[in-house]
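Contents: one structure, followed by commentary.
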Amino acid sequence: MGVGEQGQQRDVLAFYALVGFAAVMYAVPGEWISALAPLRLALLTSGLAAGLMALRRLGRAEPLYFDGARGLALLGFSGLAFASVAWSVHPELTRFTGIELLKLTAIYLTIINVITSGRRLAMMCGAMVLGSIVTSIGVIDWYRTGVDMVEGYRSRWVGVYADPNHMAMNMAMVVPLAVAFLARKESGWLMRVACALAAVLSVMAIVLSHSRGGFIGLSVAMGVWAIREKRRIQALVVGALLALGLVLFAPKSFWQRNETVASFHEDASAMGRVYAWQVASRISLDKPLLGVGAGGFRYAWPLYAPPEARRAYVAHNIFLDVIGELGFLGLTLFLVFAGGATGGAFAASKDSQMGWLARALAASMAGYLVCDLFSGYILSAHLYVLFGLAASAHRIAQTRAETALVVQRMPAADKSAAAWEGSGHAA
């Protein structure tokens, strides 16, 4: 086997390892199948994908694609997080956070170097949608049996889905993707049925989490998808059906919790957010450039919280979290990364072949960023996977547009010769 064939084989294996990671990220089998726990499947699949991608680049002497300004901004952001050990209020936790961010950066770089076609992008998104069915069933089953619910009525699940807010935002992310596959005529009937099931179950899981931020994020995501989707009537019908199902089947406690927004001073959860935002504001005034170190927000709480805020909370807002932990320098890098990926998804929405999926990714990102205003955290693998897929969609669309432009600029004689030679008749 030649060097080129070996490189191609590694690239294919890296892609399937990434698809496996996408499914494992939602299904988390190691959390509920004890025999699989020692395998650490998420780390295994992501590490295998990254390693095979790197071997292919080395074997074929190909440069690693860093994704321009947004990729370099992410590298700078994760590097700054690791370097913040030097001034952190909790160096040990900052070191751990920095290492985790470097791992997530490696996953992002692997995605943008391996997901290089519309077909691969669709398979990756499809794996996430199908994997989410397992998560939703777990959340619904825990609610049905009353297992370990937060505040006595908020359902959740295992692993990274143990926090109802984080679970809700990660489920809201897949709903536009599932609906996009469902609305696409080219999708097979089996895939359409599975995606319809995934969308319905995801909405049910979000409702049972009683997460206000998750519900708002889902509403924004579906609104963006309906507005940008070319088949507006079809999009509105799907959105109306989801809304009708929500009205008919949401438990009474869901509506009661959302009514507390008007009287947030009496809601401990809402006031916890207010106190957290005050802490972030005071940190930004005291340490505006570099913050208190990655992961150090809760440990800086006693130094900056008002006297009545006795319990330490997380920032409950990814942007304020970044300001508090890595200062305005970190926020600038993060905004370049997040803004570049989001803009890339919206730009790719115009692509004639892949636009249907890019529009769903753009909607997912809009909803996810709204959720980040209420419950975001910088160590979410879902965030970097979603942003990596958006960046890949942008790169694929750009490559296709550049290729089409080159073909248009070719002289007529060159086109004829190329067509003649390519047909095989010249032989």
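Glycine is treated like the rest: Cβ placed from N, Cα and C.
Just so it is clear, the model here is predicted, and its values are computed rather than measured.
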With TrEMBL as the source, which of 41-59, 383-401 is set down as transmembrane segment?
41-59
With contact taken as 3 or more Cβ pairs under 8 angstroms (pairs 6 or more apart in sequence), are the transmembrane segment (71-90) and the transmembrane segment (12-29) in contact?
no
Six or more residues out from either end of the transmembrane segment (164-182), which same-chain residues have a Cβ under 8 Å from its Cβ atoms?
26, 125-126, 128-129, 132, 135-136, 139, 150, 154-157, 191-192, 195-196, 198-199, 202-203, 205-206, 209-211, 213-215, 217-218, 221-222, 224-225, 229, 238, 242, 356-357, 359-361, 363-364, 367-368, 371-372, 374-377, 380, 382, 386
What stretch of 41-59, 96-115, 122-144, 326-348 shows the most Cβ pairs under 8 Å to the transmembrane segment (189-207)?
122-144
